[in-house]
Each structure stands twice: as C-alpha cells, then as structure tokens.
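A.B. asks: Annotation source Swiss-Prot lists domain 'S4 RNA-binding' at 16-89, citing sequence analysis. Taken from Swiss-Prot, the feature active site applies to ASP140.
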Amino acid sequence: MKISEVLEFKVEGEEERLDKFLARAYPDFSRSYIKKLVKEGLVYVNGEEVRKPSRKLREGERVILHVPEPEPLDVKPENIPINIIYEDEDIAVVEKPCGLVVHPSPGYTSGTLVNALLYHIKDLSSIGGVERPGIVHRLDKETAGVMVIAKNNTAHRNLVRQFQERKTEKFYKVLVKGLVKKDYGAIDTPIARHPVDRKRFWVRKEGKEALTEYWVLKRYEKYEITLLKVKIHTGRTHQIRVHFASIGHPVLGDRTYGFKSSSVPKELLSLMGECNMLIAYHLGFYHPTKGEWMVFEIEEPETFKSVYSWLEEHSP
C-alpha cells in the first residue's frame, strides 16, 4: 500500500475514542474508513501502532495517521433529498444540511452533496472534475447553510472569481461559548495552517489575511452563551471557528477548536447532536451571466431552532 501523506495530531480536551477523534480531526474521511485504517495498522499513538479503534485518547497524546493513496472514485447519482432554493440554466442554489459532506473523498464515496446534485440537477460544471462537479465553494460537514452550484463552466469560472475577489456577501448566525462583551467587533488576524495538525488552522502573523465582523444578537448569561451575526470578508478555511476560538469563544459543538461538552447542560448538548452551531444563512453574489445582484437566505434548521428555543425557555 502506497502512502500519500503522514498527518500528526495532538489530542486536546476531553477523553475520546481514537476513531471518533480522527473522524473529527480529519473530516474528509468517514468514521468507518478511519476504523479500517486503524485495523490495517496505519495509525500510531505516542509512537506505537494501535489497531483498536475504541482506544481512548487522553489530552497531550500524539496521533499519527498514514494516509494511503486514494483509489479512483466512481461517483454516482443518489436520491438524497436536498432543498433546491433556486435554479436556472446557469446556477442552482441549495441548502446544505448539517452532517452532509460536500463532495466525495476516500471513505465518503456516497451520501454526499455531489451525489445528490448528480441525481437532482441535470447539468453541472466539469471544472471540479469527477469528484466535484458544480462545486464552487465549500461548507464544513458540521455546518448547515446556503450554497451556489455552477451548472456550466462559464458560470463556474465567474463565480470562483467572485469568491476570490471578495465580491460575494456571506453572513452567518453563530452560537459561541462565553459572553462576548462588545456589541460589535471585528477580528482582523491572519490565519495559517497548523504546523503539526495539518487539518487545523490557527492565528499566526505569518498567515493569510482574514477579517471577521460580528454583532451580538443576544447573550444567554445563565449559560454563558452568545448568539452572534457574523460577516466574513475573506474565505479562509475554518475562519469563523478559528477566529472566535482565538478570542476565547469557541463555536458551540466545535471540539476541534476548544469547545468542551461539559461546558453546557447535557439536555442542550443532546439537542445539538453532531452539529456545530454555525449557519451560513445568507449568500449574495452577482449572477454569473446576467450580472444582477442576487441574495438568498435560509431559515434556521430544526436543530438550531431547538437549541434556540431551549435557551429561551431556560433563560431568566
């Protein structure tokens, strides 16, 4: 078996199973695929080979994952229900739910947004190749939100240029741990890839420019949780998650960047499920061929509504 890369991760936070930790730290791989790699002897903890996916990890331990070269993927249409908000001959706008991976990768050969798009939408751009037809931008697996899809290569190139030149408009609703003091603020700090954990990012002066604006919508003082409206001016990977973690306010549910399950009531934790409390609810862009400004918004998914309702009901 040929190895394409070797990744190292440092365990932070609460005790967790090895397979669950790696599936969260390396979201491109499904948990079942991670289990397979562990059993094949491709995972080491503190320098020792571990073949037991249920092995409990503790804070400070180091995990090394040997990633095998990917096999060619056969991406097929699948009748996965998705909400298509808008569609014309050039674009489609869809609502991606929490838990749905955007495109196939090793361990995620089916059950992705791309599989759903191939079934529901006749034509998709080919610039992204077999694995990413129509995909112009991404949302994390644990994040719900609105996405624009390109149906031809002309639209694809135009939309990619808009994202690169920051001509799009992106707003999020976010629940973070802790009481954010200022009603309005901006986080203007560069973001770089973590030198050890290559799937994570952190604030570093030598990183790429990243600007995040935020407005406080409500503070739930009893539980030390803040609801924010957030606008990102740059599109760095994990930008909102990294920026708020850097000021001591991790996104609820985001254990990769410092959220601790013990910091919220168990009842609230169960309502959150596997989702990060982060919604890409607003997307604005220029139509790639007509040039008109278009804005699309979605309502909060049921998971988020349940969390909001619980906080409202249990707050004084």
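Here the Cβ of each residue, glycine as well, is placed from N, Cα and C on the backbone.
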A.B. asks: Counting every protein chain present, what is the number of Cβ atoms, excluding its own, within 10 Å of the Cβ of ASP140 (active site)?
C.D. replies: 21
A.B. asks: Summarise the domain 'S4 RNA-binding' (16-89) by DSSP state, stating how many residues are helix, strand and coil.
C.D. replies: 17 helix, 21 strand, 36 coil
A.B. asks: Which of the three DSSP states, helix, strand or coil, fits the residue listed as 'active site'?
C.D. replies: coil
